[in-house]
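The feature [4Fe-4S] cluster binding site is assigned by TrEMBL to Cys83, Cys97, Cys100, Cys106. The annotation ATP binding site is assigned in TrEMBL to Gly137, Lys138, Gly139, Gly140, Val141, Gly142, Lys143, Ser144. Look at TrEMBL and you will find 20-34 tagged as compositional bias 'Polar residues'. Per TrEMBL, region 'Disordered' is recorded for 18-38.
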Amino acid sequence: MYVDSVFSHHSALPPLAKSASLSTTPRSPQNAVAHTSAMRKPSLRPLQVTHRFSASCELRTCRTRELSNAMATEAPSNANEHCVGPQSEQAGKADGCAGCPNQSLCASGAARQPDPAVSDVKQRLAGVKHKLLVLSGKGGVGKSTVACQLAFALAGRGFQVGLLDVDITGPSVPRMLGLLGQEVHQSAAGWSPVYVDDNLGVMSIGFMLPNADDAIIWRGPKKSGIIKQFLVDVQWGELDYLIIDTPPGTSDEHISIVQYMKEADLDGAVVVTTPQEVALSDVRKELNFCRKTNINVLGVVENMSGVQRPLSDVKFVAADGNDHTAAFMKEKAPELLQHSVQMEVFPAANGGGEAMAKKFNVPFLGRLPLDNKMTGACEEGVSFLEEYPDSVAAPAFRKIVQGMLFAIALVLLERELLTSSCVLKILLRR
């Protein structure tokens, strides 16, 4: 378990040397090994009890600074748990500021100044054409599944893709991409992503944990620090798409991402929900968050939208416990076994995700049915569309990918950064 109180004892990682130019050639798992001798791994090796993390996770931007320092841009070490940061317009005024020893200084605006990390992020991501968030208001709706399989799908079309996991306390991306046990390496140019393939790189704090089951218990400022380091120090090179998988809700991680990327031309967000009201009520809050922070919503995906299976996979159980029906159909009407059966799993409250998207005037990308082949692909860390192209959910997911690409193209058209002929090239790239 990694508790953030240990950070008061650690020495920060020395600043990374900034190279004049960034490498634009992605490294595969094979050719990355050849560069290991010139790189050093960010150390997150086991230590003793509560001080394990203090000496091993030397993350330089997690170093706290006192607010009295005029150059402070991060929350100070003695700030309240839900500190909004000295740069926020609500600094010293928010409910979470009550009782903080820095409240009066924050409220005066004396510590408010431009955060240099914003321009650093813009410079680092200058070679990334498209940047998008994957959001969900509710945990367990399949957000990371959509993010990972979206990355696989885009890479399968020949795009250069990066996937950044900023779910600091629940990083599931390494498992879903088959990268458990992989490690991050570091050079003078920054941290090198872990590569699934030559055109699909990944970064997650999960690569830095000695044990995949270790827990990280950090307050907001520490999470903000590692997110900043991911954005500033990871050497992505030239990418077509950078997908950022976020935790559920509207937490400190989301605020940090929006703050640091406000000059990095974020294309927008894909919002994932399930049909029932318990999820929709939280996702509506997520859509309001996007509206308040000026994040363009590329579309809503309704995941777990019923279950669809070939009739040949269905087991019919009679009162005596035997399955006579399937045998009878196979003998008397085998053509019926070529059909699929579909049924509702979660009740679609008030029209489900599609009605919600219409209410908020954002695109609805489609419904994704439950499919054990997709679940299996995530467990195995493989591409669902490549391994199971004929699975029942494959057509729905292809439609979702195409709809997202179309939404991004429309955003660029509105910004007058793309011509209609370029839009067609993007949409026809399969």
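Positions of Cβ are set from backbone N, Cα and C atoms, glycine also.
Unlike curated records, TrEMBL annotations are generated automatically.
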Seminar exercise, completed: Other than Gly137, Lys138, Gly139, Gly140, Val141, Gly142, Lys143, Ser144, the chain contributes near ATP (Cβ within 8 Å of their centroid) the residues Ser136, Pro248, Val272, Thr273, Thr274, Ala279, Asn303
For this session: Out of the binding-site residues Cys83, Cys100, Cys106, give me the one sitting nearest to Lys143 (ATP binding site) by CA distance.
Result: Cys83
Exercise. What is the nearest of the binding-site residues Gly137, Gly139, Gly140, Gly142, Ser144 to Cys106 ([4Fe-4S] cluster binding site), using the Cα of each?
Worked result: Gly137
Exercise. Which of the binding-site residues Cys83, Cys97, Cys100 has its Cα closest in space to the Cα of Val141 (ATP binding site)?
Worked result: Cys83
Seminar exercise, completed: Cβ density check for Cys83 ([4Fe-4S] cluster binding site), other Cβ within 10 Å (all protein chains) comes to 25
For this session: Express the distance between the Cα positions of Cys83 ([4Fe-4S] cluster binding site) and Lys138 (ATP binding site) as a whole number of Å.
Result: 23
For this session: Could you check what DSSP calls Gly139 (ATP binding site) once collapsed to helix, strand or coil?
Result: coil
Exercise. Would you say which of the binding-site residues Lys138, Lys143 has the most Cβ atoms within 10 Å of its own Cβ?
Worked result: Lys143
For this session: Sorry to bug you, but what's the C-alpha spacing from Cys97 ([4Fe-4S] cluster binding site) to Ser144 (ATP binding site), rounded to the closest Å?
Result: 33
Exercise. Residues with Cβ closer than 8 Å to the Cβ of Gly140 (ATP binding site), same chain and 6+ apart in sequence?
Worked result: Pro248
